[in-house]
């Protein structure tokens, strides 16, 4: 750099002053940079949310636009809480949510633990295992209906091969008893790798010296597992459960393609019920109220859960 | 690593773990392999019992995916000139003639346009916002960031109700622009959170040096920070692309023709010519293959992407 008086003066000037001279101020740039994002979210997320809240107090029907819209107070909300269909769909959602999380946590953690044994080629196999979770749930659901075909489907054939049953004797998607499990199976197949990856990150974050110290203290391997491995992985595992919980509470595409909510309404999870109300029965006001209830539920449960998660992290 | 270490698993353990993981991987990959195989079967082979593992490969599924066909009588078939192309030959063998191209090409192109359009927008807006959140003091920054994230907690169907009404009034229903804007709004939360993490990792000293050298803040941003953040931006872009590519709920509710993407279309192929599973499988294969390739490319950043940057490894 040339040693002219001018550059010397520039160097002596504090940068904050210099910035005001050249170009826009930091504050202006900050707002120019954040502005478009906030604007987009206001237009496509917040404004619609407020509109939904407004609609939830009306008897509006989107397919009859010329009918006068009446405000009916909280009647939609009262009806929803007494609607047995809605409660059934919440039960279906709970069944799906609880079992997918149990299976994914058990299998995902076990896989992560095995992969962390650092055998040769574990990277390659991890990449293969991860593939299903990045795919389009709708397309995946659609091709699983093919695998679930009685008689010709691969799934039925494999089960029949190992159990000796007749492959056309059971219908995974068509029977009231099996359909709720068939959606759990596909979701578990698809999302176990997600839990696995997060657990693996947790396992890899445990420094070796903790185990070495435990070894010096002659703690058994089993004891090390329960007093070191599990507590250290727990915050990661809880995070994975949070993500899966939110996603599966909203679950729509996979289940719509697999069962469409059927047979009857055995697998009609909350989102499918909401879609029926809003876009098939066209009870827009009623559906809006249900949407708000769902949002408040997810948001509330997630907030409580995050508090618990933070407590575990602090320990 | 020393020859004796308490944390290094024994060879026996490694073998045991390796065999179980490989077994799981083979089981998990089986449905995908099966669908790709089905794409190369003839329709009768695809529904045979027991399921055929060894079969004569055929491109009939792919031909059926890209064409619409009509059945013609034997006499009319005999009167036709001999088939000129290999795909006409395949179709003729089933006593049919090609009536025209199917809609799959258009739907696939829509997926590409909407996917890339929304990814581009999310990345441009997301990078700017992420830089601002990373470097400047923004009032209520944490609340804003949380607000951006919480937009993801709404079930898509719940968001779709007012968007459906809004788009109907604005004339954005079933348009590319409407879908691009919608997917951008959904993707931007992911983009901002991921990119903020990547930009946080770039030392501030680089920009400060540039500012002292006479760059404006904006120049420092695009000449110093952007090149440093290139890998992060690229992997964020792939995540946004995969999301738009896979999205189904909005697509099925808000598009029906002009702007319909492939995911709502593929399941309807089955209705076109009866039980044409090879065509469905061919469509699924073409649609899923790019995502698999991207997943393999992304494997180093995968964890970060799927957890919104919460776990960085």
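Cβ coordinates come from backbone N, Cα and C, glycine included.
Marked as domain 'ABC transmembrane type-1' by TrEMBL: B:108-298.
Taken from TrEMBL, the feature transmembrane segment applies to B:15-36 (among others). If one looks beyond the transmembrane segment (B:15-36) by at least 6 residues along the same chain, the residues whose Cβ comes under 8 Å of a Cβ in the stretch are 9, 281, 284-285, 288.
Feature annotation from TrEMBL assigns transmembrane segment to B:112-133 (among others). When Cβ-Cβ distances below 8 Å are used as the criterion, the transmembrane segment (B:112-133) is approached by residues 141, 144-145, 176, 179-184, 187-188, 190-192, 194-196, 198-199, 221, 225-226, 229, 233, 236-237, 240-241, 244-245, 259, 261 of the same chain, each at least six residues removed from its ends.
As annotated by TrEMBL, transmembrane segment applies to B:145-167 (among others).
Look at TrEMBL and you will find B:179-199 (among others) tagged as transmembrane segment.
Residues or ranges marked as transmembrane segment by TrEMBL: B:220-245 (among others). Sequence-distant contacts of the transmembrane segment (B:220-245) (same chain, six or more residues past either end, CB-CB distance under 8 Å): 111, 114-116, 118-119, 122-123, 126-127, 131, 183, 186-187, 190-191, 194-195, 197-199, 201-202, 206-207, 210-211, 290-291, 294-295, 297-298, 301, 304-305.
Remote same-chain partners of the transmembrane segment (B:277-298), defined as residues 6 or more beyond its termini with a Cβ less than 8 Å from a stretch Cβ, comprise 32, 35-43, 46-47, 58, 60-62, 64-65, 104, 108, 111, 235, 238-239, 241-242, 245-246, 262-263, 265-267, 269-270, 305. Under the heading transmembrane segment, TrEMBL lists B:277-298 (among others).
For the transmembrane segment (B:145-167), the residues of the chain that approach it from at least six positions outside its boundaries are 133, 173, 178, 182, 185-186, 188-190, 192-193, 196, 249-250, 253-254, 308, judged by C-beta separation under 8 angstroms.
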